[in-house]
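Features of the protein shown, as given by Swiss-Prot:
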- 263: active site (ACT_SITE)
- 194, 195, 196, 197: ATP binding site (BINDING)
- 1-318: region 'Ribokinase' (REGION)
- 343-473: region 'Cytidylyltransferase' (REGION)
């Protein structure tokens, strides 16, 4: 399946559910308490992040989609912190604030990137379902997807009225379910239980075929449009009536924290479906996003640039021939990993041993090598009639096949100054016997603190000589 970045800016989503505040106390531990055999944490940083349904809305906004949120809080500083964080992220939030009840807070004590303790401050909310339904109905206009983010904390009391209200307007309903009774989600377009939640309803699944059979039966029993079971390190499985099961492997390279991974899945699904993507493509994007977010510590959101870079890697543009936009994204990703970018340029009309040796030497100056290639018109202007021998597409394809080369891009001008000013490599490399100041673009690179290097050419290796020899023979 070919992945592409949706137009999230045209995908408004409404989230309704249990909001909470994820609070982190970070500090160092260097001694054991004299009062009890427990570590003493000297707190030096307090961090608040939206959690639960608020994290779903935050994830949707981080992807660039317009996000609205309806939830229930207390009348306290935790609710104020939530409201401020969401407003800063561009999320429109409407809270039903209840006096004499605390906003749900999950406090985690962290040291050296390890969670030592979690303390929960919560009481089940006594909400007004009619008032909440009225708020939802007023915000459904113009929305393309409704998300029910259910943590079983009391914000969602009348699931069916919300599902039916959205369906009456032709709005898909996605639900992240909770509890032992999934009948409350009857008629939803899609529900996204994890494997444990799914098996609580249908019983233990002995193998994949059993999971599929039980899932299809649940689809029919609850009149669901689709069912997505998230399965941790085994990826996720999408089930639809009359369609083959779609199994997607897990994408995580390293797992640091699974907190909020389910929120990332449903938020990416919702934003992608709202943007007009079909369900298999939306699920593939959600799987990719989940693989990124579990590599982060704590409740975290995935940004649009992160997802775009992941798509580029997935589609094979981590290496090879790129356009300028793809190249700039690849460079951003490389720099995020502290990689040094090397740049060289030329016509590379007939690739020979001298070129290969030179490119290997250039690659050794850093971690990633960009080769910028003159297009056909500029080669003709530089080299004269009859050149190039090979078209720019063929020249770039050959260069992209070399192990020393990471990215290849063409440029139309006679010199690469315009490209250099946008790419801003750490090292500019040129082959020849002239001084550094004579290298075209050296002034641009040196102006922002980059390095310019001149490498010697391999003797008796020349494209011009090869062309002349061919013509004589």
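Placed from the backbone N, Cα and C atoms, the Cβ positions cover glycine too.
What Swiss-Prot annotates, mapped onto the structure for a quick look.
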| residue | record | Cβ neighbours (10 Å) |
| --- | --- | --- |
| 194 | ATP binding site | 20 |
| 195 | ATP binding site | 16 |
| 196 | ATP binding site | 10 |
| 197 | ATP binding site | 19 |
| 263 | active site | 29 |
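Excluding the listed site residues 194, 195, 196, 197, the same chain places 193, 198, 199, 200, 229, 230, 231 with Cβ atoms within 8 Å of the centre of the ATP site Cβ atoms. Counting residue by residue with DSSP, the region 'Cytidylyltransferase' (343-473) contains 54 helix, 26 strand, 51 coil. In space, 194 is the closest of the binding-site residues 194, 195, 196, 197 to residue 263 (active site), judged by Cα positions.
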